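Taken from TrEMBL, the feature transmembrane segment applies to 25-49. What TrEMBL lists as domain 'AB hydrolase-1' is 140-381. Marked as active site, charge relay system by TrEMBL: Ser220, Asp346, His375.
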Amino acid sequence: RPVCAMDWQVLTRELSLYLESQVRVGLFGSGVGLSLVLGFGVAYACYYLSSIAKKPQLVASNDRFCRFLEEYCPVVTETYYPTIWCWEGRVQTLLRPFITSRPQVHYRNELIKTADGGQISLDWFDNNDSLYYPDASTRPTVLLLPGLTGTSKESYILHMIHQSETLGYRCVVFNNRGIAGEDLLTPRTYCAANTEDLEAVIHHVHSLHPSAPFMAAGVSMGGMLLLNYLGKTGRDTPLMAAAIFSAGWNVFESVESLEKPLNWLLFNYYLTTCLQSSISRHRQMLEKLFDMDLVMKARTVREFDKQFTSVMFGYRTIDDYYEDASPCRKLKSVGIPVLCLNSVDDVFSPGHAIPVETVKQNANVALVLTSCGGHIGFLEGIWPRKCTYMDRVFKQFVQAMFEHGNKILSM
C-alpha cells in the first residue's frame, strides 16, 4: 500500500534510534570509541605536561634579589599551568576580558590639575575598612597604571585592587588624560614616552600620604610608561618598588608583530579603532592642532601614531617616537627593585624582543618569563573566572615588598 506521511515519520524515528544504538554499541559498547577518547586524552595530557605546563624562567643578576623572590614571592618559581583548553597566546589574550570576573570596586574620583592647564582623573580605593592598616597615614599605597586605552574599570585592574584589599592596602588608578570620561582642557592626551603626567601623579599621591609605603604596578602600555619613568628618575623617586606586566619592550618589534595579517585582524585594527574612539569625543578640542579626518582614517596603530601621537609630542618622525617609547633603552638606569612578567607567546611583545641580556646588567631588575600566557592573559584553572597567574604574582610581590622589602632595598 502507499506509504503515508505518518508512516514516514515512524520509519524515520525508528531508523534514527537504530543508528544511534548501533553507534553506541559499535563504538563505546565495543570499547573502541572509549579507547580512542582515552588515548587522545592521555596523549594530550602528556603533551600539555611536557610542553605547555612549565616553570617560568627567572632572569636576574642579583642573587640576593633571586633569593628574596624565592622566599617571599614563590609563585615566580612554581610551574605555571595554563588553562588546559586555551593555553595559546592569542586565545588567552582574546578570552581574558570576557571570561574573567569583574570584582565590584567603589572608587572615589579626584581630578588634579597639571602645569599646562590640563587635568588628570584619579580613581581611589581608600580601603578605609582595612584591618591590617587602620591608620590611613601609614597604609601602604599601590599606584596602578592601565594599558593603552584602559581605565580603572578594566578587569585586570579590578582584580589587582581586590588582591590589595585583602592585604589591607590602598590603591589609586592613574587614568590617562581624556580616557575616563573627563574633559580635555588642552589639546593633549598621552603617550608611552612622555612621563610628565605620571610624575605629577606620583608627586601628588606621595604628598598626600608621605609616611605611607608607596609602590606602583603598570600593565601593557602602563608598564612601558612606568619603566620609562623609572629609567629617567633612577633612585630619585618616592616609589619603593614596581611591578610590570606584559610591557612592550621594543615598540618597533611590537608594531611589526601586530601588523602580521592574523594579528592585524585579531588585535591591531580593533586597537586602532579604540584609540580613535578615545579621542573622537574630544574632536572639537583636538581639531585646533590636528587633521582629525586624516587621523580617523588610520587602520593600524602605527598609522595612528604617525598622524597623531608622534605629532602631538613633537617628535620629528614616528621612528623617533618609537625609539624614545621603548623601555629597553632605559632599563639600565632603573634604580629601585622592579619585577617584570612577560609571556614569550605575547604578540604585543614578541619573545625575541624581550631584553633578557639587558636585565642581567641591572641588579635592581628581575624578569619572569612564562612559555604561555599571551598579553595580559595568564589564565589558569579549568574555568579561569577568578585569579590569574598574573594576579598571584602581583599579590605576592607587593606583599613581599611592603612587609619584607627592607631586606633588599639596601642592596
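Using N, Cα and C of the backbone, Cβ positions are placed for all residues, glycine too.
Note: the Cα of Ser220 (active site, charge relay system) and the Cα of Asp346 (active site, charge relay system) are spaced 11 Å from each other.
Its Cβ taken as reference, Ser220 (active site, charge relay system) is surrounded by 26 other Cβ atoms within 10 Å in the chains shown. Around His375 (active site, charge relay system), the same-chain residues at least 6 positions away in sequence with a Cβ under 8 Å from its Cβ are Gly89, Gln92, Thr93, Ser220, Ser246, Ser343, Asp346, Val347, Phe348, Ser349.
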